[in-house]
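Participant: Below is one structure. I have some questions about it.
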Amino acid sequence: MKKFLGEKQTRFAFRKLAVGLVSAAISSLFFVSIVGVDSVQAQEKLNVHYKYVTDTEITPQEKELIVSGVPRMPEGNEETYYLVYRLNSNAGAKTLPNTGDNNSNTMMAAGLLLTTIGLVVFAVSKRKVQSKFLLTVLVGASVGGGLILSVDALENGSLLQYNAEYQVSAGESLPSPGEISGYTYVGYIKDESIKKLLDNKIPDNQQNANVDKEALNQNKKLDYSVSFDKNGLKNQTVGVNTIEPQDEVLSGRVAKPELLYKETSIETEIAYGEQIQENPDLAEGTVRVKQEGKPGRKIEVVRIFTVDNAEVSREVLSTKIEEATPKIVEKGTKKLEAPSEKPVTSNLVQPEQVAPLPEYTGVQSGAIVEPEQVASLPEYSGTLSGAIVEPEQIEPEIGGVQSGAIVEPEQVTPLPEYTGTQAGAVVSPEQVAPLPEYTGTQSGAIVEPAQVTPLPEYTGVQSGAIVKPAQVTPLPEYTGTQSGAIVEPEQVTPSPEYTGVQAGAIVEPEQVASLPEYTGSQAGAIVEPEQVEPPQEYTGNIEPAAPEAENPTEKAQEPKEQKQEPEKNIELRNVSDVELYSLADGKYKQHVSLDAIPSNQENYFVKVKSSKFKDVFLPISSIVDSTKDGQPVYKITASAEKLKQDVNNKYEDNFTFYLAKKAEREVTNFTSFSNLVQAINNNLNGTYYLAASLNANEVELENGASSYIKGRFTGKLFGSKDGKNYAIYNLKKPLFDTLSAATVENLTLKDVNISGKTDIGALANEANNATRINNVHVDGVLAGERGIGGLVWKADNSKISNSSFKGRIVNSYETKAPYNIGGLVGQLTGINALVDKSKATITISSNADSTNQTVGGLAGLVEKDALISNSYAEGNINNVKRFGSVAGVAGYLWDRDSSEERHAGRLHNVLSDINVMNGNAISGYHYRGMRITDSYSNKDNRVYKVTLEKDEVVTKESLEERGTILDVSQIASKKSEINSLSAPKVETLLTSTNKESDFSKVKDYQASRALAYKNIEKLLPFYNKATIVKYGNLVKEDSTLYEKEILSAVMMKDNEVITDIASHKEAANKLLIHYKDHSSEKLDLTYQSDFSKLAEYRVGDTGLIYTPNQFLQNHSSIVNEVLPDLKAVDYQSEAIRNTLGISSGVSLTELYLEEQFAKTKENLANTLEKLLSADAVIASENQTINGYVVDKIKRNKEALLLGLTYLERWYNFNYGDVNVKDLVMYHMDFFGKGNVSPLDTIIELGKSGFNNLLAKNNVDAYNISLANNNATKDLFSTLANYREVFLPNKTNNQWFKEQTKAYIVEEKSAIDEVRVKQEQAGSKYSIGVYDRITSDTWKYRNMVLPLLTMPERSVFVISTISSLGFGAYDRYRNNEHRAGAELNKFVEDNAQETAKRQRDHYDYWYRILDEQGREKLYRNILVYDAYKFGDDTTVDKATVEAQFDSSNPAMKYFFGPVGNKVVHNKHGAYATGDSVYYMGYRMLDKDGAITYTHEMTHDSDNEIYLGGYGRRSGLGPEFFAKGLLQAPDHPDDATITVNSILKYDKNDASEKSRLQVLDPTKRFQNADDLKNYVHNMFDVIYMLEYLEGMSIVNRLSDVQKVNALRKIENKYVRDADGNDVYATNVIKNITMADAQKLNSFNSLIENDILSAREYKNGDVERNGYHTIKLFSPIYSALSSEKGTPGDLMGRRIAYELLAAKGFKDGMVPYISNQYEDDAKQNGKTISIYGKTRGLVTDDLVLRKVFNGQFNNWTEFKKAMYEERKNKFDSLNKVTFDDTRQPWTSYATKTISTVEELQTLMDEAVLQDANDNWYSWSGYKPEYNSAVHKLKKAVFKAYLDQTKDFRKSIFENQK
């Protein structure tokens, strides 16, 4: 029936009592007449009421009253507006249960009924207007008949919670209607409009009941006063209630009634059932009892709530069922074909045998009951619908399934149905005797005040129960009926649908069709008759009541099977450990044992740790003596609302665990770490055994303590006893300070986390005097500022055997002091010192930068005859600095004290399986006579070391100290051969468990759904297993939830991650599910209710529910208490420095956190609320637990702030619309590890030390401090996995480029096959910047986070096939290119052009190399612009170097955090082997391109350009760059070189003087093109040189020859290895005697002659910057008779070989060590770094290249000239500039024969000889030499004519 908005509605519902708690019920007051009371008008402001309704709740007539728009101004003192909303089409129905009465015709009946039972109900509420109060009193009952009228207009249903009341001043605008999710605002209806409509609709019978309003409105004459005793509230705590509108009226004027409760146990016998078994061996008809039955028991712990000694409700806290033993009867079936029929049993132990209850459709239909899949009941409008009436002849036994349902005692005579005039009203028919007055515990329904928050969906037992008040003295035990209790028995087989009088149990399964609205006067009332005996156990079927004759339509339906829902509880699953804490004297302490039962147990609490879920804090409810495994222990019980524990597959209330009783005194065998420490400190010479695994957390060290046991331990400690191995867990400092002649055996130290400023080791700082350490194993982390050893720092004449260390060692502290770091021992010293049959699995981060700073995989320093044998190391050593003594086995072996080889350290049968940065494989320092035998290393290990070559630092693969190199396939077997050591299995701590959730024993478990249960467990982390199985069975088999494993689920509001659930629980609308394969899906999420402090959500249309891994907890008290302390912390304070572990003199600059630190402090309150919400669960409000959290934060405030600042600084970036910072900081379970504490993790991060928090160490910091807690491998796999989840359709690089503000240019090759490879995202071929800087071979992977978090565009990045360049915009900033758009355009345009040049250069190399060389071009060379930044006033180039503390954004946000401290010098640029650094030159300039080809040659020649053969011994890096493989500086360079990078334009001004290739990308398509070009170029060179030579020998005098010519010789200097085979070219003047020999062209070759024009006297420095002049002949063919040629002759011959045989077959064999093996076979060897190498000689190369064609290089040179001479007759005609004429004349000369050219050459040679300017200091051939000018003109003409020598000049083209 549709109700009208203005109709009065009277609500009586016990459910509302549970919400309000302050209504008053007063009985035995009678009023003669019907009274309606208006509100008292006593206010100074205007009252406005907003009531929210939906358009479905109003009638068509009322819809016509809707006014569009919003209310504007109030017109009266008190007005009501009905705000109408329409439900959006995509929103779900949100209808509250129908519990109200809207039938005005029933009021009289209600009055008569209340008269009969003597019940008066007062509803008291208050409105406060300034200092005055409105008191509305609703009075019910009369003697002869009464009418109850409510004074307020009808509250709506669906949107009730939005109702609001405002006070506004006259003329003030009204508030706007609120926005409601899922609804659209329509308009409003004024209250007066409704009243007018209602005036026309009041029934006659109600009009007759009206009284004189004038009399009733004399408000001042009415004085209603109600008094309550306030004293009754002392020491009582009322449960949590979200709405308490009555409190205001009661405060000070009306006392509150006491709500009390007590707890009691109720025991009910469970009758045993009878089972009939067929026995084929018994004769048919024979019956015998096989087993006698035994009754069971159901024990319920019930909490009874009372007000004024009257019970108002009860709550079943726990139910324990002791199963009944069924009676088993055997029936014989022998010779009978038909088996006997089984009787129906009622055994509760076997609920599947319980016959179904019939569906109930009688009275009480207003209770909250919606059995699953039950068809809607017809609306009931008969007599006393909702009253407690027992139908005739129905005597059901209520128990088991129906236990706790609302029942009626047998003695009450049921009222007959009334069908008269006022059917539905509460009346007493004439023939029916009145019911006796009811005064039981629930007499009096409670009116619901306005604006009550909607009730959540009921999904489990006791929903809606009153929250437990704290410490209430229990009332006397109640043993009466359990009517009204909300009970759902645990895992009981579904009862049949019941249609009798008791339908109305409060159970509402999901997706059930709604019951018809009950409109009777007591709909929803829950009333218990007085003094009703407990109902008997239900043991069988209940027959449905016979329908009334006069109401044949109310026919009982057929029984329908109903499945009983499992009881929903809180269960802590997968418990791994339990920790007990206490508060005493303001300090918190962890207890691993107890001395006695504490008297102040309220100061104790427990932290329950799980292998899968968050820690849970629980208050202690009891500690009692007990035994476990025969040992006396303490049984400790912790409690929380609805918490149960699975004990042997049975649930028990609360959570219990056991704690050891601390032995008062232990002498030899120890089960307490504190006892052990105390005993050893008292007697350092005793013998001690572990009798259990010990927890070092038991001992709290003093500040500054360096170890647990002080002094020199000379006794014995054994970690095993009676065949069991034990461990000591959680050491925070070394166990011993010093071991002296001591013995430690069979001991394991697990989870060590040790830090210290001095030298440290996990077991001891030092072991000396023949100490024996055997079978000792350590795992964990050690961090220090100086020496570190995994076991001991220093072992002096002591033995370590069969021992191991596994973990991380961190020491990146920068100091000049010497130190030693080793995986097992830092320093091993003395002839009796030994490490044998041991191993280390390590990750070492160090900063060693001098030879006295040693780092080794097994030991740092091994000296004084100490020995390491039969041992190996595996893992990684990353030494950031370059010059320390670092190696995979031992860092340093030399004995510094004696400086004698015979006392050096020794290595025997050792193996290095370690990747080493800046070190060697076996030993870090090489010298002759090393005492190393049988050493091995892994070929696949990356071992790099830097060396100084000339003035450049070059990083290259270390070939020193590699030992015997094994293939990776041989490593495992070699390790086993060396030793087969493995760590023993040890006993766990007493409080540790490994109990995993086992769903297989849960009812309805399906093995095929194991993964579904595992996934639901993630979605419901705190619910019991039965609930998980229930929802696991609802997972659809075609859903992803059924097929893939969930790692985590994250709540979101659209794309925003929600962390603080308590503050945003209703805002969440999406659930992001992250699967193990890193796929994800978003499901719709809808908040539906709370269950025991858990917010419960509906997941889309799946039928599933979700609860976050958080309890609803308000942390404001904690936040408010710690906030002042945190905000008082100063970044530059000593407290911060102490936390970082640095002195006051150390700058904090390189942390780059100061700016973020201030921002973090500004938003601390919000951050802390999120952090605490994401952290450990506080299951029950407890001041001791809160204090523990407060204490932890205050004690670690500096570390917490540093950790928060660090994460907010480096992880503030997005994946699309999702910011990852909150995921990293708060959702550390995102990758599946649900038991991580974000608070602890962030504190530990902040405490991890200065070096770990350095910006440049951000990759290691994640891997060390965050990866394990996030269940991830490393930073980059984490970033990639985030991308897979949030941006699955993009590559990592695409995401990266969208996120970074750096300007990125990725220039792919112009070669198709290369470009295709480069487009392979994530491959080694990719030129994606992200792909490259995250590769394992990239040295500066720490660039990723700075690039992702840059706040502005200040850096550019250029990526090409072989290099990755970085530079700052401000490097190009000056007064011509000012900051802003102008500078940006200049930089970005030039960055693109530079990228193309670099691309072209390596396309050139790709085309001329073979397949092996081409593959090596796919690499990653770092290129850096200088740290020289200009401003808008800078002229030309900036010249001042910026330091790391510069405020320049490029330095502040990128270069500084990356931490590459580039050494700046006066060079144009320099290379280090893996990097290129521009200095004077700039990357984006044209000369920067030429510099690129030079420096990249240094980084490419050894492994790539030279075919992988390496540089020829004796040739320095500069030999291969300048004048050989780099591009010429300018297009007019008159040198023999090849332009490989710059494209010139025919229209350029420089075209007339260009002597180099116009466009290398077109000229060189393959190696043959290169050979063709050089060969044709040498046609011109050889021809012109021949002509000049002929002019010299034929035209010049001997004196002129002396001036015009020089000769070249070799000299040899012995090097550091004793070699004197590397030639240095020396240029000398020729003598007259020499000149006299020069009478033919060949004589110039034979006498090693060269031109004096551009070659000056003196030594041609080896490894120098030399070029071969294009127009100054070198006739000589000088070779090195001993070995390697000099720099000048080497370059010239190299190019001549390129012209003759090509790059691969001519040049490469000459300048590389290609023929080294041949040299060895020929007995030509040299020593390099103590190793014998083959010496490649010129003669060997000549013989191999030309296959014996030439006997010497002179013959080769003569042949080359002769080859061209033979073609002179075919010389092409050519026209060139006539250099004899002034250049302004533009005269040209054409020649067709060589003879013509010879004539011109003769003239030029004579002119130069006559001028004789060769020795003039200002002599420049291009201006002062006629020969030079002529040659240049001819060369240029032929260059142009042949289109860059695509054709020969000898083609007889006339």
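Glycine residues also receive a Cβ, built from the backbone N, Cα and C atoms like all the rest.
These came from Swiss-Prot, pasted as-is:
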DOMAIN    256-335  domain 'G5'
REPEAT    349-368  repeat '1'
REPEAT    369-388  repeat '2'
REPEAT    407-426  repeat '4'
REPEAT    487-506  repeat '8'
BINDING   H1494, H1498, E1518  Zn(2+) binding site
ACT_SITE  E1495  active site
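Have a look at these and tell me how they're positioned relative to everything else.
Facilitator: Under the three-state DSSP scheme, H1498 (Zn(2+) binding site) falls in the helix class. In the shown protein chains, 24 other C-beta atoms lie within 10 A of the C-beta of H1498 (Zn(2+) binding site).
With a 10 A radius on its CB, E1495 (active site) counts 26 other CB atoms from all the protein chains.
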Participant: Determine which residues of this chain, when H1494, H1498, E1518 are set aside, have a Cβ within 8 Å of the centroid of the Zn(2+) site's Cβ atoms, and list them as they appear in the sequence.
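Facilitator: Checked against the 8 Å cutoff, the neighbours are A1471, E1495, T1497, P1517, F1520, A1521, K1522, Q1526.
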Participant: Write out how many residues of the domain 'G5' (256-335) are helix, how many strand and how many coil, based on DSSP.
Facilitator: 0 helix, 62 strand, 18 coil
Participant: Give me the CA-CA distance between E1518 (Zn(2+) binding site) and E1495 (active site), in Å, as a whole number.
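Facilitator: Rounded to a whole number, the Cα-Cα distance is 9 Å.
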Participant: Inside 10 Å of the Cβ of E1518 (Zn(2+) binding site), count up the other Cβ atoms and send me the figure.
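Facilitator: The answer is 23 other Cβ atoms.
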